[in-house]
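K.L.:
Pasting a structure below so you can have a look.
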Ligand code: ATR
């Protein structure tokens with residue numbers, strides 16, 4: 001069987017997804033291709049999708065800026081993706097397109113692989129910075145794991161509030177301003193940075209300066225370009241443990257590949273290999 005896979009988004013010429021999925025294809029012993037299908041915002045999205053539909057793909061990933069827009073063109077939507085309101089993986093089956101979101105689950109799996117102890121106490125206090133698509137997936141993923149205290153800090157209060165509505169009686173969520181988060185940051189066990197602040201080329205930027213932290217806390221940044229964001233480096237200096245963003249990229253891809261092929265490919269040393277690629281960029 002020859003799997004035809006790919007990625008839509010813009011700009012995606014330097015995406016690492018082809019590297020990841022080509023490794024998965026090789027490890028699975030399946031023949032296949034994973035193509036970059038860049039859709040410029042100047043083109044008509046609908047026409048481009050028609051062309052993609054005709055090409056007979058088995059599945060594809062969706063990245064910025066189309067994760068919400070794609071929903072209008074799907075035949076079915078997984079419950080998780082519906083709640084999150086964004087799709088990053090489409091399965092094409094019998095001419096139908098079904099949308100999923102593997103980002104939040106990918107984050108949770110990566111976190112468990114690297115810091116299993118966090119999952120031993122569901123009362124651990126969690127703080128998420130940001131309220132974009134990634135924050136939705138991660139909040140929902142952690143809530144589904146049974147964590148009971150997940151706060152959100154964001155520049156815009158209303159966006160954070162919209163995520164908190166996904167909560168229920170089992171989760172307590174306070175909405176914090178960035179200043180409030182800075183003041184209370186050492187009361188959290190897990191801190192997750194999901195905004196675009198600090199991404200290349202603005203590597204000097206940080207969502208908040210970190211001066212002190214609970215030494216036992218774990219700090220994640222989902223940015224992986226650069227791998228060592230200022231946020232993570234500040235956290236490291238305080239003695240906290242840090243969790244790199246490329247791991248989420250790997251595990252969301254692992255789950256997407258499983259949705260397309262029913263095969264779960266072990267990550268093995270791909271974690272270290274991807275880190276080396278990113279460090280060289
Ligand atoms: P994604 O869907 O990839 O997560 P997004 O929807 O563009 O990205 O969300 C970006 C997040 O980064 C938001 O939380 C945004 O804050 P606002 O809700 O206030 O817009 C946050 N963000 C981006 N630039 C920021 C900046 N300069 N300062 C503070 N927050 C910023």
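Backbone N, Cα and C atoms are what each Cβ position is placed from, and that goes for glycine too.
Found this in TrEMBL, in case it helps:
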ACT_SITE  67  active site, proton acceptor
BINDING   15, 16, 17, 63, 88, 103, 224, 252  shikimate binding site
BINDING   130, 131, 132, 133, 134, 222, 245  NADP(+) binding site
DOMAIN    7-90  domain 'Shikimate dehydrogenase substrate binding N-terminal'
DOMAIN    122-197  domain 'Quinate/shikimate 5-dehydrogenase/glutamyl-tRNA reductase'
DOMAIN    245-275  domain 'SDH C-terminal'
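I'd like these features described in context: how deep, what's nearby, how far apart.
P.N.:
If you draw a 10 Å sphere around the CB of residue 67 (active site, proton acceptor), it holds 25 other CB atoms from the protein chains shown.
On its own chain, residue 252 (shikimate binding site) has 88, 102, 103, 105, 106, 107 as residues at least 6 apart in sequence with a Cβ closer than 8 Å to its own Cβ.
In the three-state DSSP assignment, the secondary structure recorded for residue 134 (NADP(+) binding site) is helix. Within 10 Å of the C-beta atom of residue 134 (NADP(+) binding site) sit 25 other C-beta atoms, taking all shown protein chains into account.
Over the domain 'Quinate/shikimate 5-dehydrogenase/glutamyl-tRNA reductase' (122-197), the average per-residue pLDDT in this prediction is 96.
Away from its own ends, the domain 'SDH C-terminal' (245-275) comes close to residues 3, 5, 16-17, 19-21, 23-24, 27-28, 30, 58-59, 61, 88-89, 91, 100, 102-103, 105-107, 109-111, 113-114, 220-224, 227, 229 of its chain (Cβ-Cβ under 8 Å, at least six residues beyond either end).
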K.L.:
Could you tell me which of these binding-site residues, 130, 132, 133, 245, has the greatest number of Cβ atoms within 10 Å of its own Cβ?
P.N.:
130
K.L.:
Tally every other Cβ atom lying within 10 Å of the Cβ atom of residue 63 (shikimate binding site).
P.N.:
16
K.L.:
Can you list which of these binding-site residues (15, 63, 103, 222, 245) have a Cβ closer than 6 Å to ligand 1?
P.N.:
none
